[in-house]
Amino acid sequence: MASKQIFPDFEYPIAYCIAGVDEVGRGPLVGDVVTAAVILDPDNPIEGLMDSKKLSEKKRNLLSLEIKEKAISWSLGRASPQEIDTLNILHATMLAMQRAVEGLNVEPDFVLVDGNRCPTFLCNASESNQQNLKIASQAVVKGDARVTEISAASIIAKVARDNEMIALDKLHPEYGFAKHKGYPTKLHLEKIIEHGVLDCYRQSFKPVARVLGTYHD
């Protein structure tokens, strides 16, 4: 049995205002990839922040409300299924992360991103008086478990996307979106074959392309 990899405590960069960024929804066959950026208030701490996947749905929902109430700033960013099909899921995710940071009403001077790569984040030209000035950034492997700002971002992104799937389920209950959240489960694949491909599906993803007859090895 392989031993579980242990990551050291994260050493924060020297910065005045740090934003954490995470994504949810790279794997599903349907809907936007959703990202979030969060700047926490050190004078208004939030207990229980951790990787959103390790929290119950009830706890995630409560923490999402608390994060939005207590954070200095938070923002959601998205990339549509059409953008995913055009750019591919990696580049669409990077675009959504950029949109999340751009949506913050306070500009950070450092951005920490979950994972092993991060996009380029540009300063607001009107504030910096310099075009194409980059915001410092760093990718953090397992950041959603090691960096509280990223944990907070993972929580509000997860809650936002799950709510979107619940809303989609009300429009198309025959697909079971509230249950599988768009992921390629056996049930979901059966429903696609039975009912067809909606406009909100990612047509470049293999299981969807196979149903459409557009997939080629």
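Including glycine, each Cβ sits where the backbone N, Cα and C put it.
What Swiss-Prot says about this protein:
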type	residues	note
BINDING	Asp22, Glu23, Asp114	divalent metal cation binding site
DOMAIN	16-217	domain 'RNase H type-2'
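Structure with Swiss-Prot features highlighted.
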residue	record	Cβ neighbours (10 Å)
Asp22	divalent metal cation binding site	31
Glu23	divalent metal cation binding site	28
Asp114	divalent metal cation binding site	27
